[in-house]
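Taken from Swiss-Prot, the feature pyrrolidone carboxylic acid applies to Gln1, supported by experimental evidence. Swiss-Prot lists Cys28-Cys84, Cys134-Cys148, Cys354-Cys360, Cys425-Cys437 with the feature disulfide bond. The Ca(2+) binding site annotation in Swiss-Prot covers Asn98, Arg146, Asp155, His189. For Arg183, Asn285, Arg321, the entry in Swiss-Prot reads chloride binding site. Swiss-Prot lists Asp185 with the feature active site, nucleophile, giving a curator's inference as the kind of evidence. Per Swiss-Prot, the feature active site, proton donor maps to Glu222; the stated evidence is a curator's inference. Look at Swiss-Prot and you will find Asp287 tagged as site 'Transition state stabilizer'. The annotation region 'Disordered' is assigned in Swiss-Prot to 326-346. Annotated compositional bias 'Polar residues' per Swiss-Prot: 326-343, in sequence order.
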Amino acid sequence: QKDANFASGRNSIVHLFEWKWNDIADECERFLQPQGFGGVQISPPNEYLVADGRPWWERYQPVSYIINTRSGDESAFTDMTRRCNDAGVRIYVDAVINHMTGMNGVGTSGSSADHDGMNYPAVPYGSGDFHSPCEVNNYQDADNVRNCELVGLRDLNQGSDYVRGVLIDYMNHMIDLGVAGFRVDAAKHMSPGDLSVIFSGLKNLNTDYGFADGARPFIYQEVIDLGGEAISKNEYTGFGCVLEFQFGVSLGNAFQGGNQLKNLANWGPEWGLLEGLDAVVFVDNHDNQRTGGSQILTYKNPKPYKMAIAFMLAHPYGTTRIMSSFDFTDNDQGPPQDGSGNLISPGINDDNTCSNGYVCEHRWRQVYGMVGFRNAVEGTQVENWWSNDDNQIAFSRGSQGFVAFTNGGDLNQNLNTGLPAGTYCDVISGELSGGSCTGKSVTVGDNGSADISLGSAEDDGVLAIHVNAKL
């Protein structure tokens, strides 16, 4: 349950936040497949509360497990999983299984949500299926965090056989429809013992969608653990991966100048991070790009953000996830939508970028170029580490790829790239296209060394070359 089930030669999950199923299917075929992406994390596919103003967070208030949302119905969902899997791109469901709604109302499929009466007839859940109401207000008390209500959301009792059965059935239905795994929302707010039982009840992946016999769903759990609380991320690694929140905090701090890049030489568990095989890593996500504090880098701070993403994708640690946002000015703001609340599809520009209010970080050349880099260096380790003892670093991945960063001053060095002799295209400033480089090129000599130059005033403080972008 720690294997992402990527097709061969692919890596990275991109979170297509609030996209419609038919747009995701198109994106799998037209962009994610040719660029080597491994999979897509989708927004919650089950019925959720229709909230005033249609904020993004309404999707995290379930009303039922009917597959009918602003992103599409079950037939659109199945069309997406079929087309994406055919393209070698996996689908991971954002599974909201800790709670139901925080208010009364109606869901996206027309079902009623009786928050006050603890009654969700479309499931059905009644008052006996929830923990007694109390407020999550003490992160030094694990029982409070797990058995009370997070911001007023009715808290399901996963210790109940009935509730477990409903959740297992929902997740197994998703497996039947061809998904490769689940991001588990609010896992910290559920008991590891209960989650272990639920995940052990999941079917193997559906071989009709190209998965191997006996393949298990990939599980990666939201456990925000920045230290100092009663609950540890390590409680959840026995039955799945965990989203490593410390990763983005530490990288964001470094690339904003709060820590010298030379200190990244031992990046990984020595920094207090999970073991690599247990970790799904990211620079920002849909929550902390809004409320994560100044250390979290986002698309709004593009130069250091792209450098942090490049470091994440260049380094072997963890299973990587990339955020693909819609532009927002207000933290509650929902996705691009028309006057009736219908989602608007992203527009695709000639230069690969998006319009209609979508940021599409995954379509930035500096990002997809590094996904290609990660595929090219699969199976290698960090070698030829160099630093100027400050904010300039470089390293190779075996003899397959080489990357250099400056976060202070111009970098002009003759460095050992570890690569075979030849001329390579920098995949940050451009790419290999039609037999030539559209950006910078780097010539590696017979001894593996090359003159590397990276000016501090350039658009990007990173340069990357690999064997699949060689002239």
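Placement of Cβ uses the backbone N, Cα and C atoms for every residue, glycine included.
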Here the recorded positions are Gln1, Asn98, Asn285; the one whose Cβ sees the most other Cβ atoms within 10 Å is Asn98
Give me the Cα-Cα distance between Arg146 (Ca(2+) binding site) and Cys134 (disulfide bond), rounded to a whole Å.
-> 11
Which of the three DSSP-derived classes (helix, strand, coil) applies to Asp185 (active site, nucleophile)?
-> coil
At the Cα level, what's the spacing in Å between Asn98 (Ca(2+) binding site) and Asp185 (active site, nucleophile), rounded?
-> 7
Inside 10 Å of the Cβ of Arg146 (Ca(2+) binding site), count up the other Cβ atoms and send me the figure.
-> 22
Please tell me which one of the recorded positions listed here (Arg183, Asp185, His189) sits closest to Cys437 (disulfide bond), measuring Cα to Cα?
-> Arg183
Hey, how far is Cys354 (disulfide bond) from Cys28 (disulfide bond), Cα to Cα, in Å?
-> 15
Between Asp155 (Ca(2+) binding site) and Cys134 (disulfide bond), what is the CA-CA distance rounded to a whole number of Å?
-> 9
In DSSP terms, helix, strand or coil for Cys360 (disulfide bond)?
-> coil
Cys28 (disulfide bond) falls, by DSSP collapsed to helix, strand or coil, into helix
